[in-house]
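Annotated in TrEMBL:
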ACT_SITE  361  active site, proton donor
DOMAIN    38-388  domain 'Orn/DAP/Arg decarboxylase 2 C-terminal'
DOMAIN    48-294  domain 'Orn/DAP/Arg decarboxylase 2 N-terminal'
MOD_RES   67  N6-(pyridoxal phosphate)lysine
Ligand SMILES: *Cc1c(COP(=O)(O)O)cnc(C)c1O
């Protein structure tokens, strides 16, 4: 967040009070690329990654979960800084390959991988396919045999039998479609011993997303490493890799506080240190999506109308939940607001409350309820901050045929288009008009 503030204040007095990204005024970006638009600050992206990397134990590799933001330029930037990739679809595999991430730094997971995806992973020689069931392991053995491959590396995703706390959305430790129950794994030695072409490198566990407590994350890591040790012994596997997940959160709502990175990493390092000493050749993986990309992104919309209804003031903007579904409250039916700012009057004092809505014909198209803002006029730019994760790709972009917005990445003081806005014609090409006569 700090780079943004500096950018705004460093240009104060010369360009007024509008929001800047690396010195580029937001009005210029909006004019050149149109609105709605997602604007990413590559310097913020770098600094978030780098401050994590600089602190984290050297035995731990950071992998970027593309699910949070699959843009190829974002991926490539993180890759060039040293991040690996955690992916879950054929398109994501194509993305990371084109973004220049080495196969040895790619893992592929997901509960319902297709045969074609498994075959592509084997052919690409990814670092590991993360298996979510024993049937999947058997299928990979079959593919390896059919294609004459040996030593196809996999990680077994374990659904741990311990509970977790502090997550906004838990993914393990209860009945889930993900992974293999720890208890089932403990009884699977015979089956795993019969594998001829698949090599089990170790284990993967992911407890959930949006953790904001340093202690919860250290606690999870400790439990996962201990479980990996126990399972490796039970199954007679030499641990080459443990992916202990991640789920680092960022604060979105008033009642939340950002993760204390220093304390979080110190807690994780403390757990990792003895483990790494006992397993000097074991690669540890910390996979992160939201934490790496959320703060670098702003969803920029233009106010079309400002109106009043029964005593409540509304800003009707040109974009809404069709591009930013998360703004209606992540994993929650209680609507809480993401940080929303006037980008046109970035430094002005808030003076009134506005409910910010989009262009959709549904009352649910609200990106911020009773947001406190400086005076808003039609034509002003508003920004939903911390929107670099789970934005367009996690939103119903085709609803009402608006299509997906442009995405712009500001790098070294220059704004680059990194995704074109959907074209109207494009949105219709896949439909077929049949002849009714
Ligand atoms: C979604 C997901 C991630 C990324 O989660 P974040 O909370 O965005 O970091 C990582 N691993 C798995 C298995 C996931 O499902």
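All positions are counted from 1 along the displayed chain.
Backbone N, Cα and C atoms are what each Cβ position is placed from, and that goes for glycine too.
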| request: Summarise the model confidence on the domain 'Orn/DAP/Arg decarboxylase 2 N-terminal' (48-294) as a single mean pLDDT, whole number. | output: 96
| field | Position of peak Cβ density within 10 Å, selected from the recorded positions 67, 361 | value | 67
| said: According to DSSP, collapsed to three classes, what secondary structure does the residue listed as 'N6-(pyridoxal phosphate)lysine' have? | reply: helix
| Could you tell me the C-alpha distance between residue 67 (N6-(pyridoxal phosphate)lysine) and the residue listed as 'active site, proton donor' in angstrom, no decimals? | 28
